[in-house]
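Features of the protein shown, as given by Swiss-Prot:
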type	residues	note
SIGNAL	1-17	signal peptide
TOPO_DOM	18-301	topological domain 'Extracellular'
DISULFID	C120-C184	disulfide bond
DISULFID	C149-C163	disulfide bond
DOMAIN	185-295	domain 'Ig-like'
DISULFID	C224-C279	disulfide bond
TRANSMEM	302-322	transmembrane segment
TOPO_DOM	323-332	topological domain 'Cytoplasmic'
MOTIF	328-331	motif 'Internalization signal'
Amino acid sequence: MLLLVLALLAVLFPAGDTQDAFPEPISYYVTQSSSFFNSTWAQNQASGWLGDIQIDGWNSDSGTIIFRKTWSKGNFSNDEILEMEELFRLYFLGFVKEVQELVSDFQLEYPFEIQGIAGCELHSGGAIVSFLMGAIEGLHFMSINNYSCLPAPEGGTRAQKFCALILQYKGICDIVENLLTKVCPRYLMSVLEAGKAALQKHVKPEAWLSQGPSPEPGYLQLVCHVSGFYPKPVWVMWMRGEQEQPETQRGDVLPNPDDTWYLRATLDVVAKEATGLSCRVKHSSLGGQDIILYWGNSSIGWIILAVFVSCLIVLLFYVLWFYKHWSYQDIL
């Protein structure tokens with residue numbers, strides 16, 4: 001079932017001639033999620049990812065590919081793109097029909113969902129790691145590696161039955177192996193070449209501090225926000241001098257709409273011990289010049305500014321009063 005999409009992808013992703021390799025491991029993978037509500041109603045979703053960046057998707061209403069980046073077509077021609085879209089339309093129709101016919105054989109009950117992921121990862125030096133996995137209702141079902149279908153323990157007899165069935169079709173297995181070990185890396189390199197400028201950019205992070213909800217009386221939650229950085233790897237830690245604070249809690253690195261990233265790191269401390277703490281940020285775009293923000297400095301600055309503004313307002317009122325009073329004396 002899940003292998004049918006890979007057989008089609010072998011046609012969709014022709015080999016490229018890109019020879020330059022990125023120094024860091026990076027992967028391209030396709031995900032599929034198919035929801036079967038009853039014997040006549042199913043819905044398919046698919047997307048293609050370059051690492052953590054979604055570069056294309058599938059519009060199930062129009063039956064067309066959504067290229068989310070100007071460079072995500074790689075070196076494909078318009079004719080090849082049209083062919084891809086037609087093959088995907090045929091695939092999804094066939095996939096739904098085949099699954100619905102095998103519902104009883106594989107002991108499936110409506111509603112259910114099938115997920116699949118397949119792709120390849122390139123390492124420096126040209127090493128290739130390919131992968132293909134399938135799941136039902138979020139549970140690992142099977143995987144394919146080196147001409148072997150490996151049923152997952154949680155897949156039970158259904159997974160064993162599927163592997164026994166698919167391995168009878170050596171032609172499909174040959175296509176899948178070729179796709180994962182040869183075609184996928186070449187397509188990946190084509191996209192990397194087309195998107196080199198965007199993928200190799202370095203954007204400096206912005207950082208600021210705030211106070212979160214108090215975890216308990218007498219405590220403060222210190223929050224360090226880091227946003228707008230690219231690439232994704234970043235190091236954020238609360239410090240006291242040069243001593244890392246192991247109680248620092250890092251959230252997930254979340255995407256911004258502009259393909260940069262956001263992260264927050266929190267630290268719960270006794271209120272009277274907050275003085276002297278700082279947040280340190282390390283990122284490749286900073287050239288070794290870490291961002292260091294000290295807790296309390298911003299608050300002191302605002303207090304000083306508020307006092308200065310207040311004094312200025314009082315002085316202004318005094319000058320106006322004096323001017324009016326002096327003018328009144330002149331009239332008399």
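Each residue, glycine too, has its Cβ placed from N, Cα and C.
For C120 (disulfide bond), the same-chain residues that are 6 or more apart in sequence and have a Cβ closer than 8 Å to its Cβ are S27, Y28, Y29, I128, V129, S130, F131, L180, T181, C184, P185, L188. Between the disulfide-bonded residues C163, C184, C279, the minimum number of other C-beta atoms within 10 Å of a residue's C-beta occurs at C163. When Cβ atoms from all protein chains are considered, those within 10 Å of C224 (disulfide bond) total 26, not counting its own. Each residue contributes its Cα atom, and for C279 (disulfide bond) and C149 (disulfide bond) these two points are 48 Å apart.
Across the domain 'Ig-like' (185-295), DSSP helix (H, G, I), strand (E, B) and coil residues number 20 helix, 52 strand, 39 coil. Of all Cβ atoms in the protein chains displayed, 21 besides its own lie within 10 Å of the Cβ of C149 (disulfide bond).
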